[in-house]
Amino acid sequence: MKTVQFCFLFCCWKAICCNSCELTNITIAIENEECHFCISINTTWCAGYCYTRDLVFKDPATPNIQTTCTFKELVYETVRVPGCAHHADSLYTYPVATQCHCGKCDSDSTDCTTQGLGPDYCSFSEMKE
């Protein structure tokens, strides 16, 4: 019985104290409306788990702020989209996370939805490698 209690307490400690929010490599689809196709690029973003809770009885006077794994610092990189027409602006700037933390989701710069389109979504039918 003591082993079960120890395992339970250890798992609770691990979940609370050891958030695994860290940098990870992802592939995103970038698209340019003037070029009418998408290309895939590799970048770095934040992923992992953060301690959070969802109360059964919600108090309207107390805001329920959920933490999420999000960037603490980021830089922007620019890539030239190949194959665009000469008159088109073929430069695309995208964010690259350099440091992560568990914090409130900032909807001004991040898709804070529960289930978004995903980083590899392309609104055009053509995807170039």
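Start at 1 and count along the chain as shown; that gives each residue its number.
Note: Cβ is positioned from N, Cα and C throughout, glycine not excepted.
Recorded disulfide link (Swiss-Prot): Cys84 to Cys35, out of the candidates Cys21, Cys35, Cys38. Out of Cys102, Cys105, Cys112, Cys122, the record in Swiss-Prot bonds Cys50 through a disulfide to Cys102. Each of Cys17, Cys18, Cys21, Cys112 is a candidate, yet Swiss-Prot gives the disulfide link of Cys69 to Cys21. Take the candidates Cys100, Cys112; Swiss-Prot pairs Cys105 in a disulfide bond with Cys112. Record source Swiss-Prot places Cys46 in a disulfide bond whose other cysteine, from Cys7, Cys100, is Cys100. Counting in whole angstrom, Cys112 (disulfide bond) lies 19 from Asn25 (N-linked glycosylation site) by their C-alpha atoms.
In the three-state DSSP scheme, Cys112 (disulfide bond) is classed as coil. Candidate disulfide-bonded residues: Cys69, Cys105. Fewest other C-beta atoms within 10 angstroms, Cys105.
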